[in-house]
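Straight from Swiss-Prot, the features:
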- S11, D14, R41: substrate binding site (BINDING)
Amino acid sequence: MKPRVMILLGSASDFRIAEKAMEIFEELRIPYDLRVASAHRTHEKVKAIVSEAVKAGVEVFIGIAGLSAHLPGMISANTHRPVIGVPVDVKLGGLDALFACSQMPFPAPVATVGVDRGENAAILAAQIIGIGDPGVRERVADLRRGFYERVRRDECQVLNSIEGSYYAPLEVEMPPIGDKVPSDSQDDPMVSVIPGSYSDMKIAKKTTMFLERMGISYDLNVISPIRYPERFERYLEKMENVKLFIAISGLSAHVTGAVVALSDRPVIGVPCPLKMNGWDSLLSMINMPPGVPVGTVGVGNGGNAAILAAEMLGIYDEKIESRIKRIKSRSVKF
């Protein structure tokens, strides 16, 4: 049995975060390996681990680190496989590590998840593997239904504890949870790119430009889940066979949250600097609750979103893999 995921820790103290990821991989039956290597103190060891892991067939890397958290970025600089970054709360509430993971230069993206969210890193890794492995995708769908059931149980506990005289609960009929895993079609685009508004189009066009140059088919639709919720859901149903989503949004960044709530495909988030220099959308995208990860890139970095999409798709597509290798080796310059 060979590992499909490599987990690298910046220090042994990060193991408590890795345990969350390992529990998910055990449940999903995805083989993994784990090593401890510092980007600053054992630079050559990191490079050696990444190189050997790629040769051994590892499909996804997870870098877990706190403080300056350069480990995920260093992994990305040395591989064409997708890298997920988990910032760890050591100081400053983990914000230092969060910025270090997400704000990577082109073309070295890190799909950053929330602070200490090892479980979301594992789920995102499984979603990426599920692009070309229907069995893994089905198990991820089952896992997500388990999170739904957990919320239902928590609600029952809360409601059963209410003793107020004026508590008047309504009867709410809940819709069934979808369990259909759609079949792929050759006619469907690989990627759906969803800007939340026309003000996000400049970044969206940069994203699609790189997708086109890497030969990745896509659909582009400007639609807001806040202004047009029903239309948004209909569009997601139409795009059920895409392999991944890229959501581009500023402000509270509801687009990414809405997409990941309605699809089990990987979601890449691109925060836009409409207000607060993009801090609001960056934090809203990254810090998702357990079970619904968004792999977030740097503020306004549509190019890195496209590169990350290519890294994910390249696991199962040799042509895309070849193109992303050339880009990351700097033999091709856009």
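Quick reminder: no glycine exception, Cβ is built from N, Cα and C everywhere.
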>> Based on the record's binding annotation for substrate (S11, D14, R41), what whole-number value in Å is the widest Cα to Cα distance?
In response: 16
>> Can you name every residue in this chain, apart from S11, D14, R41, with its Cβ inside 8 Å of the center of the Cβ atoms of the recorded substrate site?
In response: L9, G10, A12, S13, V36, A37, S38, A65, L71
> Quick one: what's DSSP say for D14 (substrate binding site), helix, strand or coil?
Replying inline: helix
>> Just to be sure I understand the packing, how many Cβ atoms besides its own are within 10 Å of the Cβ of R41 (substrate binding site)?
In response: 10
> Counting every protein chain present, what is the number of Cβ atoms, excluding its own, within 10 Å of the Cβ of S11 (substrate binding site)?
Replying inline: 17
> Are there residues of the same chain, six or more positions away from D14 (substrate binding site), whose CB falls under 8 angstroms from its CB, and which are they?
Replying inline: I64, A65, G66, V88
